[in-house]
Structure formats: C-alpha cells, structure tokens
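**Student:** Sharing a structure below in structure tokens format, with a few things to ask.
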Amino acid sequence: MHKPIKKLGQNFLKDKKIIKKIINFINPKYKDKIIEIGPGLGALTIPISKISKSITAIEIDKNLVYFLNKNKNIKNNLNIINIDIMKLNLKKFFSSFCDPVRIFGSLPYNISVSLMFNFIENYNKIIDMHFVIQKEVAQRILARPNNKHYGYISVIMQYYFYVEKLIDISNCAFKPIPKVQSSLIRMRPHKVCPFPFCDIDKMKVLLKSAFNQRRKMLKNSLKKYFSVEQIILYKINPKLRAENLSIENYCNLSNNMIIKK
C-alpha cells in the first residue's frame, strides 16, 4: 500500500459513505469530459471511471500514477498526467478539450486557494467544479458581506462563480487523519454575471488595499484612491469597513478608481 507523502499534503479519502455522497453530488454522466485533480488511491476515480466516457487525472506522485495504471478496477478510459498541477500550462491544457469540462478533486490544503485562482483565467472552459477543501478555506470562499470570513477571496470567487457548500466532512474520513475539517463545495461559472462589469485588475488592487487594513474605515483604507466625498458620491458610508461592502459596491468603486503611477 502506498505510504502518504506529508510534503505533498496527501490525505486519502477512505469513508465509503462520504465517497458515495461526493459522487452523487458530482453526478457524472457518460458524455462528460472530466478532470480530476489529485486522484490519490482512486477512491473517486474508480467509481467515476465506470460511469464517464473520459476522465483525465492530474497527479504529481509517480508512485500513485503507477498504482492507478496497474489497478484492475479502473477502465482504460483513464488518462493520467504525471505533473505538478501548479506547473501545468492550464491555458494550453484546457485548449486540448473541444468541449467545456467538469473538474473535481480533493485538493491539498497548501495549494487549494492558488489553484482555484489559476482556474479563473479559464472559467469559460469550465462547466462546474467540485472540490474537497479545508473547511476554513470554504468559509472564506462562501462568506457574504458583514461576515468575519468575508474577504479578497470571497469577492473574486463569487464574481466569477456561483459557489455553494454541499457537505462538511470530518477529518476521520481521511487516512492519515488531517488536523483540520473539510468541506465539499461546488463552483459554477456565472452564465450571466450578476454583478456590474468591472476592470478586474483594478478591483484586485482595491480589494488588497481594503482587506489588508480590514479594521480601518474605508475613508482611511481607501484614501489613496478616493476622497471621503467620492466615497459618499458612490452611496457608500465612508465609516464602513471592508467587510461591509457588497461585491457590487467593489465593482462600482473599481470602475471609478484611478491608479496613480
């Protein structure tokens, strides 16, 4: 049996009830083009490969690639790419698929946020994503205004995706047992963005300024870009803090900000 590698964040799903629930939430179909991030020992890979016509798995650990390729329970419709997902040219990778894809995986906690940000650049090639991630990260992604977890990642992810939590998962569902709890989330790209169009690069600058000083009032945290009078002009109370603004508020502000070079 494969010994988990700690530096790769390997914690393998073992709870059969949880595995079944996850597969039911993903609800794979025969014609789906499916991508799995980090198949591990194949807890999800094996049952989904029996349903879907095509599944591409990305796995950094060459020993797991060997294990999966030799597994007699996996059909020959599985294509495994042995590479670090963080080093994969995603634009080139997604362009190899004629149709939009579905993505799932139990993400290593140390790369989950960075990886999801990388997917944003190709969100128009994605049907949906189902990820098992650290519960704390899920809370940050899902958080709404006036919530202590609401921040940069909440605004950016919700600008591009409809996000929802499906279930919480006990750490006992994994082997070895991690120190943190997990959640299964679903992310679907907006077919029509519910927020005003905005210059996303400007919004990122604005969000970093606001949330890096989240306990400060907006009149102080955003003073580099807006006067108090300007903030009021956009129908925002300058005494509010970063966590009090809606995504629409941030869109409107970013569309009117001037970044001095």
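The first residue you see is number 1, and the count goes up from there.
Placement of Cβ uses the backbone N, Cα and C atoms for every residue, glycine included.
Keep in mind that what you see is a predicted model, and the values were worked out from it rather than measured.
In case it's useful when we look at the structure, here is the feature table from Swiss-Prot:
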- N11, L13, G38, E59, D84, S106: S-adenosyl-L-methionine binding site (BINDING)
**Student:** Going by a 10 angstroms cut-off between Cβ atoms, which of the binding-site residues N11, S106 has the sparsest surroundings?
**Tutor:** N11
**Student:** Return the residues near L13 (S-adenosyl-L-methionine binding site) by Cβ distance under 8 Å, restricted to its own chain and a separation of at least 6 in sequence.
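**Tutor:** The answer is I19, I22, G40, A43, L44, S106, V132, A173, F174.
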**Student:** Identify, among the binding-site residues E59, D84, the residue whose Cβ has the fewest other Cβ atoms within 10 Å in this structure.
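**Tutor:** Sparsest of the binding-site residues E59, D84 by Cβ contacts within 10 Å: D84.
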